[in-house]
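TrEMBL annotations:
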- 118-217: domain 'P-type ATPase A' (DOMAIN)
- 12-30: transmembrane segment (TRANSMEM)
- 36-55: transmembrane segment (TRANSMEM)
- 64-80: transmembrane segment (TRANSMEM)
- 86-104: transmembrane segment (TRANSMEM)
- 233-251: transmembrane segment (TRANSMEM)
- 257-283: transmembrane segment (TRANSMEM)
- 564-584: transmembrane segment (TRANSMEM)
Amino acid sequence: MNYTKTFFSRQFLWEIVRIITVGLASLFFYLDFIQLLILIATMAFGLYSLVKVAVLDIIKERKIGTELFITIAVIISVLGKEYLAGAVVLMIILIAEYIASASTEKARSSIKELIGSVPKTAIVKKNNAELIIEITDLKIGDIVLVKAGEKIPVDGKVISGSGSVNQAPITGESVPQEKTVGSEAFAGTILELGALDIEMTKAGVDTVFSRIISLVEDAESQQAPIEKFTDKVASWLIPVVFIFVGTVYFFTRDVKLVIALLIFTSPAELGLATPLVTIAAIARAAREGILIKGGLFLEELAKVTTIVFDKTGTLTIGSPIVNKVEIIDPNYNEQNLVQFAATVDRRSSHPLAKAILSYADKLKLTYGEPENFEVIKGRGVSAKVQGKSILLGNKLFMEENKTPLFNSSENVTDTVIYLSIESKLAGIFYISDAIREGAKEMIQGLRKSGIKNIVMLTGDNPETAKYVSNQIGITDYRANLLPEDKINIIKELQKDGSKVAMVGDGINDAPALVQANIGIAMGAMGTETAMEAADIVLMQDKLEKIAKARAISKRAYRTIRENIFVGVGVVHVIGITLVLLKIIGPIEAAAIHLLPDTLVFINSIKLLRIKIDA
């Protein structure tokens with residue numbers, strides 16, 4: 001949606017009519033073409049929308065806004081027989097209000113423009129026929145057909161076909177992703193090439209796409225601390241302003257002076273300085289595949305001084321592989337050890353378990369069902385396999401179960417997983433996870449942005465932690481951590497007043513994300529748990545998005561401060577001074593007032609289109 005469409009859309013028709021009507025009436029009255037009663041009637045028509053907002057603000061919001069100030073100024077102009085001045089002031093203020101409303105709508109509509117809309121119908125295969133069915137009538141398991149150029153209407157899994165899908169509406173990444181059998185597909189994304197048969201898992205409000213829309217829309221209601229502060233300042237100023245203006249009138253009896261002062265003492269810019277920036281910044285972040293859940297988190301991210309990263313799945317790709325199996329007990333060979341480990345791990349969802357299962361599949365081994373399976377958080381798993389007691393986990397797990405360990409100096413940079421059979425160490429699995437592309441550059445970018453302290457947390461051994469941290473440029477790392485240790489470390493970092501952001505997968509790290517001032521979940525597309533746990537959600541596993549989110553938040557915070565300076569410094573200080581010196585009157589005051597209003601709107605909206613370097 002471009003600016004012309006926004007500013008001249010049907011929803012603003014009455015605002016445009018009011019501006020033109022009041023403007024023409026002012027001109028005709030000045031030229032003696034119409035009588036006073038017609039001008040006053042026209043002013044009442046123009047004033048209606050302002051009075052309505054003023055009354056609703058007082059009744060529902062318990063606040064006094066700029067609309068009340070302008071209403072009082074216009075009424076005073078009529079009572080003081082400054083009819084033309086009141087009419088011109090009203091016209092100019094209506095223009096300012098119109099620009100404010102249209103600019104805010106532009107920011108909001110950019111979200112809708114970005115994510116578009118999901119099709120309301122889908123082509124479904126049923127009984128060897130292709131039927132067009134309403135999305136609301138679809139059932140889980142229905143097979144949906146999507147052709148090249150069409151939007152995918154549901155979330156699901158590809159069961160037939162292949163194609164290139166543009167996932168920009170969800171991830172912000174316009175490079176098409178190849179989809180084949182087994183790939184996940186998401187509603188709202190666009191099939192650019194090929195054809196897909198998708199087995200539906202979610203539709204309508206349950207899709208990832210709908211969750212994104214809901215989160216972004218809800219974000220508008222989350223006020224930033226600076227917005228709460230400006231609202232509070234505005235509420236303090238109002239009684240002071242009325243006392244000040246009343247005192248000036250008592251001593252001067254100058255109606256024009258009072259009207260001009262009311263124009264410059266209204267809290268318009270304070271009220272607009274933050275909300276418009278917040279909406280624009282959240283929309284801009286959504287365009288980049290970053291979901292910020294409100295102005296509070298936008299501002300907090302800008303103020304963060306410490307960032308804590310979980311290692312696995314965040315700084316590393318989260319797809320570990322088995323590099324080596326070391327045989328300790330000669331009664332077993334590699335295949336035996338892998339079978340035992342895979343049988344125990346088939347019930348585990350841990351990434352390291354998946355590595356062992358993948359290795360077993362690679363060796364074409366079969367493995368059965370474990371008995372008495374148990375997960376010991378932060379340590380490992382235990383089970384009975386073929387009547388034997390099996391423990392599979394880290395060093396701490398073995399020590400707690402009094403399993404003698406074998407000290408190996410090999411592969412010290414790998415994650416080491418011990419396999420115990422009947423309380424005796426049988427083998428060691430050496431597992432590695434590749435470092436994510438761009439990790440080092442991301443760390444450098446965060447330091448340049450003002451982050452003073454970067455910490456890596458891991459449950460891995462110190463050697464692995466040291467290797468990864470050295471590769472990406474982190475000097476502060478903590479190893480051999482249990483989940484509760486990560487929470488305690490964040491608490492310690494917060495004790496000295498540091499604002500701490502925690503970056504994790506949003507699932508295993510949920511408690512730590514909640515403890516941090518800002519929780520950032522990476523690669524959350526399709527993961528509702530991550531979307532709920534974090535304050536900021538990155539829809540892709542791309543580390544540069546963290547630096548981009550930080551850059552957007554800092555730019556937004558700077559823009560808010562610029563807006564406040566323009567609103568308070570230019571309008572209130574300079575304007576009031578010029579009025580008291582009687583250099584300008586009501587009409588000039590209204591005209592001058594329009595300029596900073598417009599500057600505030602332009603300064604805020606530019607967040608949608610300017611280049612923001614991470």
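Cβ coordinates come from backbone N, Cα and C, glycine included.
Automated prediction, rather than curation, is the source of TrEMBL annotations.
Using DSSP to sort the residues of the domain 'P-type ATPase A' (118-217) gives these counts of helix, strand and coil: 20 helix, 48 strand, 32 coil.
With a threshold of 8 Å between CB atoms, the same-chain residues lying at least 6 positions outside the transmembrane segment (36-55) that come near it are 14-15, 18-19, 21-22, 25-26, 29, 64-65, 67-68, 70-71, 74, 78, 83-84, 86-87, 90-91, 93-94, 97. Touching of the transmembrane segment (86-104) and the transmembrane segment (12-30) is concluded from the presence of at least three CB pairs under 8 A, sequence neighbours closer than 6 excluded. Most Cβ pairs under 8 Å to the transmembrane segment (64-80), among the stretches 12-30, 233-251, 564-584, belong to 233-251.
Remote same-chain partners of the transmembrane segment (12-30), defined as residues 6 or more beyond its termini with a Cβ less than 8 Å from a stretch Cβ, comprise 36, 38-39, 42-43, 45-46, 48-49, 83-84, 87-88, 90-91, 94-95, 97-98, 101-102, 105. Confidence across the domain 'P-type ATPase A' (118-217), taken as the mean pLDDT and rounded to a whole number, stands at 85.
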